[in-house]
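Straight from Swiss-Prot, the features:
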type	residues	note
ACT_SITE	D166	active site, nucleophile
ACT_SITE	H513	active site
ACT_SITE	D561	active site
ACT_SITE	E570	active site
CARBOHYD	N217	N-linked glycosylation site
CARBOHYD	N236	N-linked glycosylation site
CARBOHYD	N324	N-linked glycosylation site
CARBOHYD	N345	N-linked glycosylation site
CARBOHYD	N408	N-linked glycosylation site
CARBOHYD	N425	N-linked glycosylation site
TOPO_DOM	1-73	topological domain 'Cytoplasmic'
TOPO_DOM	95-623	topological domain 'Extracellular'
TRANSMEM	74-94	transmembrane segment
Amino acid sequence: MYSANHWGGSFEIAADGAAEDDHSRNMDLDRGALSARQHQLDETQQSWLLGPPEAKKKDKYVDLGCVVVKRKLLWWVLWTLLAAFILIGLPVIIAKSIPKKKPHAPPPDQYTDALHKALLFFNAQKSGRLPKNNGIKWRGNSGLSDGSDLTDVKGGLVGGYYDAGDNIKFHFPLAFSMTMLSWSVIEYSAKYKAVGEYDHVRELIKWGTDYLLLTFNSSASTIDKVYSQVGIAKINGTQPDDHYCWNRPEDMAYPRPVQTAGSAPDLGGEMAAALAAASIVFRDNAAYSKKLVNGAAAVYKFARSSGRRTPYSRGNQYIEYYYNSTSYWDEYMWSAAWMYYATGNNTYITFATDPRLPKNAKAFYSILDFSVFSWDNKLPGAELLLSRLRMFLNPGYPYEESLIGYHNTTSMNMCTYFPRFGAFNFTKGGLAQFNHGKGQPLQYTVANSFLAALYADYMESVNVPGWYCGPYFMTVDDLRSFARSQVNYILGDNPKKMSYVVGYGKKYPRRLHHRGASTPHNGIKYSCTGGYKWRDTKGADPNVLVGAMVGGPDKNDQFKDARLTYAQNEPTLVGNAGLVAALVALTNSGRGAGVTAVDKNTMFSAVPPMFPATPPPPSKWKP
């Protein structure tokens with residue numbers, strides 16, 4: 001409290017200047033000391049609340065120039081990279097520096113082994129001027145004068161294949177054999193490559209198709225005839241021909257007339273199928289593939305000519321007894337399917353799915369024999385071929401209705417293969433009697449075993465586990481097991497414990513009904529009847545016809561290894577073509593993990609996209 005100024009005047013105290021300055025300096029010093037003490041006090045108070053001060057840390061970051069990272073993270077990354085190099089990189093470097101041995105191919109299964117041999121049969125059946133690498137030492141050039149009297153074929157009809165144990169060239173079964181080989185290559189090219197037979201089988205196909213192109217004017221768009229056969233065999237004939245004589249092909253000295261067909265819906269259809277299928281096989285050779293397609297189109301047009309609908313074999317005594325065609329509607333369906341796949345032209349698939357075609361072919365009738373695939377009945381093969389289109393591409397309208405019918409019929413055909421349903425008889429040894437106990441049963445066995453294995457692979461490729469036979473569900477494995485059982489029978493799993501493929505296994509036929517195999521290759525040219533002693537001898541063949549599948553046993557599993565029992569002991573082109581197809585379908589060679597059972601796409605390489613064309617724009621609106 002301030003006291004009152006009882007004396008009057010100012011409250012200020014007067015002082016001299018020097019004293020004033022000293023006082024001010026002392027006040028500044030006191031403030032500085034007080035401030036210092038206050039700062040120390042603040043730090044002390046903070047220490048009470050926060051604890052003792054931390055020691056000053058080292059710099060935690062590293063400047064790499066382009067980026068700044070934590071020192072700890074940088075060390076962690078470096079150590080991780082070093083560990084990865086030691087664990088992964090170093091072993092890889094060491095492994096690559098070690099010289100590698102070529103990996104051993106997996107051991108071939110029995111089907112692969114038999115396949116190598118079965119293909120050699122075609123080398124032995126070649127006619128014409130043989131290549132140096134043909135591989136059959138006891139075969140030479142033959143048939144070099146075939147068709148030499150024809151004025152419209154330059155060089156004659158030289159080449160092709162002899163049909164069986166005689167020296168006739170039947171063009172109908174020859175064409176079917178080439179179709180079968182081509183189909184097997186299209187579906188299973190990876191397997192052929194894996195077993196080293198891809199180039200070989202293509203060469204065999206080309207040998208056949210080159211010859212087929214000679215049998216008509218393949219450079220023309222319209223033709224009026226085809227040559228259907230070279231060589232003849234008259235029933236009970238007494239004049240030299242291909243049955244009366246017993247000669248090696250190289251020693252033939254008798255007439256070999258050429259048969260001509262001005263009407264051939266069946267033969268023309270099969271030839272078109274063979275050339276069209278081969279054009280897909282040789283799609284990597286554009287010029288040759290185009291040549292095949294053009295030839296196929298010409299002979300297909302000839303086959304479909306409305307004024308040429310008489311079967312090629314009718315009334316011809318040199319054909320009708322051996323390869324008589326019972327219908328041509330199956331060849332129409334078969335060839336149309338192949339022409340569509342080869343060209344992508346919708347005209348062919350439109351015809352193949354026209355409801356009138358299966359009606360005329362009786363494709364949807366419940367006729368048991370129509371379910372058996374053979375050189376004479378293409379219906380089961382054509383139906384499966386068209387089912388392929390539905391299963392993989394599903395084109396829908398307007399083809400769907402007929403394709404469903406073909407697919408359902410294919411499934412029913414497969415049902416007939418199982419003994420439990422009693423459609424066909426089976427021998428006690430397990431062989432299906434597709435031709436009802438007649439001669440040459442094995443050619444039917446292998447053809448239908450191929451279809452069974454192929455259909456199983458189709459279903460597996462689209463993740464379908466099986467299908468219904470009435471109330472019974474049959475699996476893909478059931479179907480494949482049937483095919484295996486039939487082929488295994490042929491390879492030796494039968495009551496006779498013998499292989500029906502020459503050269504396969506330890507026990508196989510050694511007295512074939514085959515002129516070339518039975519007549520020694522000893523430099524002697526035997527006459528027409530001079531070869532009879534080799535026909536009639538009971539000795540084994542001097543030339544082993546490796547890979548030849550014989551006709552097969554009778555309905556009681558019995559087999560007579562005698563040269564004159566041609567129904568059992570004669571091999572044929574169609575038989576071996578079916579055998580090759582069945583073997584490549586069943587072998588596991590070339591099927592690695594993740595590899596589909598069949599080549600799904602090559603067949604469709606010419607087929608356009610399956611979607612409708614863009615509709616035309618609407619017309620202009622007018623009020």
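Even glycines carry a Cβ here, placed using N, Cα and C.
Feature annotations (Swiss-Prot) mapped to structure.
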residue	record	Cβ neighbours (10 Å)
D166	active site, nucleophile	24
N217	N-linked glycosylation site	19
N236	N-linked glycosylation site	6
N324	N-linked glycosylation site	15
N345	N-linked glycosylation site	15
N408	N-linked glycosylation site	14
N425	N-linked glycosylation site	13
H513	active site	23
D561	active site	18
E570	active site	21
Query - Shortest C-alpha distance to H513 (active site) - which of the recorded positions N236, N345, N408, D561, E570 - result: E570
**Report entry** Inter-residue Cα distance where the pair is N425 (N-linked glycosylation site) and N408 (N-linked glycosylation site), in Å
**Finding:** 23
Report summary line: Between the C-alpha atoms of N425 (N-linked glycosylation site) and N345 (N-linked glycosylation site), the distance in angstrom, to the nearest integer, is 42
Report task. Have a look at the recorded positions N217, N236, N324, D561, E570 and say which one has the shortest Cα distance to D166 (active site, nucleophile). Result -> E570
Report summary line: For N217 (N-linked glycosylation site), the closest of the recorded positions by C-alpha position, picking from N236, N324, D561, E570, is N324
Requested in this report: Cα within 10 Å of N345 (N-linked glycosylation site) is the criterion; apply it to the recorded positions N236, D561, E570 and give the hits in sequence order.
Outcome: none
Query raised in the report: Taking just the CA atoms, what is the gap between N324 (N-linked glycosylation site) and D561 (active site) in Å?
Result: 27
**Report entry** Average pLDDT across the topological domain 'Extracellular' (95-623), rounded to a whole number
**Finding:** 96
Requested in this report: In whole Å, note down how far the CA of E570 (active site) lies from the CA of N236 (N-linked glycosylation site).
Outcome: 19
Requested in this report: Using C-alpha atoms only, work out the spacing between E570 (active site) and D561 (active site) and round it to an integer in Å.
Outcome: 10
